[in-house]
Amino acid sequence: MLMSDVEKFGGDCGSSGGSGRPTLKLGTRASTLAKTPTSTGGRTFMTVEVRSRKRKASGASPAEGVGYGTSPYTSDDNRQGQISRSATCSLTAREQLSRINAIHTADSISAQKEAAKKLRDEEEVEVAPPEGESVIDEPDSVKEPAAAADAVADVATPVLGDIAPGAAGTRPGRGGHDDKGKRYSYQGAGGKIKEKEGGGGVKKAAASRASSKHIKLDIENALSGTEERYVLMASSRRRGGSKSDRRISRDVVIPDEIEVKALAAAMAEKVGDVLRVLSHMGVEARQNTAIGSDVASEVAERFSHRPKVVSKIQMERELSDISDSGLALEPRPPVVTVMGHVDHGKTSLLDVLRKSNVAEKEFRGITQHIGAYQIDVDGKKITFLDTPGHEAFSDMRARGTNVTDIVVLVVAADDGVMPQTVESINHVKTAGVSMVVAVNKIDRSDANVDKITNDLLQHGVVPEKLGGDVMIVPVSAKTGENLDKLKSSILLLAEMLELRAPVEGRAQGVVIESKIERNCGVVATVIVQRGTLRKGNVVVAGDGSYGKVRNMFDDSDNSVEEALPSMPVRVLGLDKVPKAGDVFLVMPSEKHARDLLEHRAGINLSRGRDSGRNDSVFTGPLFSMDRPEGVNMILKADVAGSLEAISRSVAQIEHEEVKFNILHKDIGDVTKSDILLAEAASAVVLAFNVKVDAQARDLVRQKDVDIRHHRVIYDLIDDVKGVVCGKLKPIIREVQVGLLVVREVFSSGKGGTVIGCYVSEGAVSRGALVKIYRNDAVTCEGKVKVLRRFKDDVKEVGHGLECGVLVEGAKDVAVGDVIKVLEVVEHARVVE
């Protein structure tokens, strides 16, 4: 209920007519306040005229516009009635001020209640929870401040005629109430109305200050329109409090294991709040601590969310799912991988098919990178992958079979089936792909195709002419013989396989090779398996690489706008170098890409904790005194595939006395940080097809770091074996170079024993190591201290001569003993 505004105070309260009556101005709403002496006990009293402009008190009729009051313009009859009524409400000036303040306070509180109610009603209409989310109330502990704020609105509205018994004794000018739960209005130093709210929201110091100071109530400001603005401001603050009373309930996806900060982000809660809840649960954790799904679910429930536990496999499937449903499948070119033993002519065969000269550009004619090309054959496209034939590149060959449709196994007609040929056959069987055998070099005079066929039969490769399903095509890369037949065989097999893939939709494929180029950054060679890869797509590759495709190039270095299924392209724009063999996906946005990588990083972290090891970088101590001789190495290569092959080859060079520690391996040139690490750990830097950058060259000369450059993997592996051999202790052997027979024994005056001997085999020299045997048992061992021929000192005595020798430590010597002259020989150890 809203109280009437005070319109005017005035009139005369006694029998005098109104002249000489002092008035007190109260502003536009309170016009006059008359003070006049009366005849009743000489007591001063005032009369108040209250007019209602917009609102009226409950129970008043519309005609009631004037309340108690007197006026000099009223008639004598009416004046007598007004005087009689004013007698009942005649108050002192102090009491009138107290009553006016009470009216103002009640009016403000009622206005606040109505404004707050109106705002709450508007919120209920405007605020609606999103789909799948519900709005719930805060716990009681959160509602307490809002309840304390609303306590002011619950104060009973005072009526005009109610005055506390002690009101008459109130200090003049003291406005407001003494109850801390009410709202105080007083005039500050600047003349503005300030409000203080009691309860928990008012500090004790402020309350003490308000009670100790003599605060005058400025009636003009208290009843002016500025109060309405304060009411609205208070209502606005209350509206903000009402929003905090509500919380959004979410569906929180929780994996098998999740970090605390990730859980807080999923619930849209503060990390500190989550940690406090965990502490109350008895779980000591930090923001990077991983907690189980059961604990995370309980935390989510305590925040009134709905936990949904999913496995890591299921979450991976949901994040990386690319649905092909509803997409049309269209024919795609076959992906053909050329495999075989080293130097059997794989790259030369591809050069003839592509009409290129890749083999001439390769150092010493050896393929050490996997290559991807696409050619046109009779209007149809074929994608070829060229894999290295060296045994160190077995992982590359395995990746080739995993992304291919057809394998062309190249076997040299003059060399036959070799170890890498057999390995390639096993890869084909494991992958379950179709195969065509190309018997190359049939132009050689010693070519024997029938022998090749029989050798293949021993490894389970049955040709068509013997009832199998493998086509064998004799070809010559040098003369071009039967190349058309080989192309036709590939196209026929591809037609039989009915290769199809969706062209529309998000792209997915495999990383074939990756490297860092000086002017381009990270470059990844990929093959699209489905969908269309376009410039500007956000791509995730493997577990830690993502980015937006800035540019794409085909195998002829032409920039392309899009890549269709089975098309190999070089992609620029990734932030890190992906691993060869990683699967790449096109994601809807960078946020989706980061979410997928964070999930995969969490899986890898869990696997690392379970296994307790990290294969990428050596994390053990650099120096230790209680371990075998170690060789610290830093590997730098031009592409990811070569780095992988080198790491695998080095790991296979094992010896019980020497341990390899790969401190760091990376793609790109040797940098300053590599040199500093090599110096600190006394490491050998193996640089494969890379250079030393400008900043590191001067540092190499200063630090004297051992850097070994190689362009062929054969040489690198042999060099590593040489490093191992240099760390191994040599084999020490004693070789017999002479044999002496004791014929006389003389006692020397110096306390030694002079032995008269006959050299029956070889020779004896001064300083030689000798062992004295008696009945095949060693009685003494030492070096020849003195060697004489008759009375002359000599350096050496040969076969068939007599001599006298003095052996260090020889005392027990008898005639007939045998003295063997030995030579210590060190043999370097060889690692196979």
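Each Cβ is built from the backbone N, Cα and C atoms, and glycine gets one as well.
Annotated region 'Disordered' per Swiss-Prot: 1-87 (among others), in sequence order.
Annotated compositional bias 'Gly residues' per Swiss-Prot: 11-20, in sequence order.
Taken from Swiss-Prot, the feature compositional bias 'Polar residues' covers 29-42 (among others).
Annotation comment: Swiss-Prot describes 71-87 (among others) as compositional bias 'Polar residues'.
Per Swiss-Prot, the feature region 'Disordered' maps to 120-148 (among others).
If you look up Swiss-Prot, you'll see 163-201 (among others) marked as region 'Disordered'.
Per Swiss-Prot, domain 'tr-type G' is recorded for 331-500. Computed over the domain 'tr-type G' (331-500), the whole-number mean pLDDT of the model equals 79.
The feature GTP binding site is assigned by Swiss-Prot to 340-347, 386-390, 440-443. A helical conformation is recorded for K346 (GTP binding site) in the three-state DSSP classification.
What Swiss-Prot records for 340-347 is region 'G1'.
Annotation comment: Swiss-Prot describes 365-369 as region 'G2'.
Residues annotated as region 'G3' in Swiss-Prot: 386-389.
When DSSP labels each residue, the region 'G4' (440-443) comes out as 0 helix, 1 strand, 3 coil, counted as helix, strand and coil in that order. As annotated by Swiss-Prot, region 'G4' applies to 440-443, with the evidence given as similarity to another entry.
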For T387 (GTP binding site), just count the other CB atoms lying within 10 A of its CB, please. 30
Take the region 'G4' (440-443) and find every residue of the same chain, 6 or more past its ends, with a Cβ under 8 Å from one of its Cβ atoms. 344-345, 348-349, 410-415, 449, 474-479, 481-482
Listed in sequence order, the residues of the same chain lying six or more positions from I442 (GTP binding site) whose CB sits under 8 Å from its CB are A413, V449, P474, V475, S476, E481, N482
Between the binding-site residues G340, D343, K346, the one whose Cβ has the fewest other Cβ atoms within 10 Å is D343
Mapped DSSP class for G340 (GTP binding site), helix or strand or coil: strand
